[in-house]
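First up is the structure itself, then whatever we jot down about it.
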Amino acid sequence: MTIALGRFTKEENDLFDIMDDWLRRDRFVFVGWSGLLLFPCAYFALGGWFTGTTFVTSWYTHGLASSYLEGCNFLTAAVSTPANSLAHSLLLLWGPEAQGDFTRWCQLGGLWTFVALHGAFGLIGFMLRQFELARSVQLRPYNAIAFSAPIAVFVSVFLIYPLGQSGWFFAPSFGVAAIFRFILFFQGFHNWTLNPFHMMGVAGVLGAALLCAIHGATVENTLFEDGDGANTFRAFNPTQAEETYSMVTANRFWSQIFGVAFSNKRWLHFFMLFVPVTGLWMSALGVVGLALNLRAYDFVSQEIRAAEDPEFETFYTKNILLNEGIRAWMAAQDQPHENLIFPEEVLPRGNAL
């Protein structure tokens with residue numbers, strides 16, 4: 001057996017090294033390897049959205065006006081989902097649907113799949129950017145881990161949910177009022193507010209807002225060293241070595257207020273990371289469940305009693321009737337291709353009516 005000792009030498013002008021040196025060079029805007037995914041995808045996603053909201057109608061897919069050109073404003077313009085008949089087609093510009101015709105591609109809803117897919121990969125690229133920069137400056141990757149939560153929500157709502165339904169048609173369109181319509185749809189057809197995963201998501205987001213407000217106020221309240229500047233932002237150097245607020249004072253204050261308090265800054269900040277990230281991940285899992293048409297809580301005994309006794313009604317039974325109303329009124333407008341017609345007598349009315 002021969003053992004070779006020595007060092008493997010590469011060519012001085014190795015292409016990978018040249019690329020690595022240029023991509024990771026210290027500049028005003030870091031590019032990095034992740035930038036090869038992030039910047040093109042973000043550019044195309046934003047460009048597609050601005051193009052769609054400015055010029056493209058939704059007449060052929062939803063029977064709606066959805067662009068500034070047709071009279072919409074920022075709140076009502078949208079890039080709409082493709083028609084239900086197109087199912088889960090990727091709607092490639094060169095595909096069998098548009099056959100290279102850009103105008104026809106826009107009319108069919110091709111911009112929605114374009115924006116959704118480039119947007120998803122752009123978000124993933126941004127998370128990889130945080131990983132790459134953290135590794136470069138020897139930080140731990142918790143920023144990237146935290147950013148995985150909004151990515152999970154985006155992917156579950158815009159991609160996984162419609163994949164579980166009959167087509168991209170049932171995903172949210174990219175617009176403010178369009179998202180509101182989608183929320184009403186989720187409530188009416190899935191009773192989303194009574195879903196335990198939605199409850200965990202709300203607890204995570206609102207709990208994080210509360211923690212953030214308490215934390216910021218506590219740090220401001222316990223500042224003990226004043227600088228010469230006119231305000232907090234001018235008073236201190238951002239690279240100062242010493243703390244200028246008192247963790248001990250904050251601990252004593254909240255111990256008196258609540259009876260318990262964080263005594264360790266690592267645990268405090270981990271908790272502030274854990275609450276919103278876990279909440280968003282739970283809500284994303286809930287949306288995956290809705291893609292499979294899993295149901296929320298059902299209190300059937302209350303529904304049966306409400307049906308038998310005109311004087312018995314709970315907030316739950318009222319909400320169930322409201323959901324039926326949303327479905328009956330919304331389906332005919334939201335799915336015009338189904339030609340749904342509901343006579344007046346089948347539209348739900350509560351016991352009070």
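Cβ coordinates come from backbone N, Cα and C, glycine included.
What Swiss-Prot annotates here:
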type     : residues       : note
BINDING  : His118         : chlorophyll a ChlzD2 binding site
BINDING  : Gln130, Asn143 : pheophytin a binding site
BINDING  : His198         : chlorophyll a PD2 binding site
BINDING  : His215, His269 : Fe cation binding site
BINDING  : His215, Phe262 : plastoquinone binding site
MOD_RES  : Thr2           : N-acetylthreonine
MOD_RES  : Thr2           : phosphothreonine
TRANSMEM : 41-61          : transmembrane segment
TRANSMEM : 125-141        : transmembrane segment
TRANSMEM : 153-166        : transmembrane segment
TRANSMEM : 208-228        : transmembrane segment
TRANSMEM : 279-295        : transmembrane segment
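Note on proximity: among His118, His198, His215, Phe262, His269, the binding-site residues of the record, the Cα nearest Asn143 (pheophytin a binding site) is that of His269. When Cβ distances are compared across the two stretches, the transmembrane segment (153-166) makes no contact with the transmembrane segment (41-61), since fewer than 3 pairs at least 6 residues apart fall below 8 angstroms. Across the binding-site residues listed here (Gln130, Asn143), the residue whose Cβ sits among the most other Cβ atoms within 10 Å is Gln130. DSSP gives Gln130 (pheophytin a binding site) a helix state. Counting only same-chain residues 6+ beyond the ends of the transmembrane segment (208-228), those with a CB under 8 A from a CB of the stretch are 234-236, 242, 244-247, 249-250, 253-254, 268, 271-272, 275-276, 279. The binding-site residues considered are His118, His198, His269; of these, His269 has the fewest other C-beta atoms within 10 angstroms of its C-beta. Counted over every protein chain shown, other Cβ atoms within 10 Å are most numerous around Phe262 among the binding-site residues His215, Phe262. Note: the CA-CA distance between His198 (chlorophyll a PD2 binding site) and His269 (Fe cation binding site) rounds to 24 Å.
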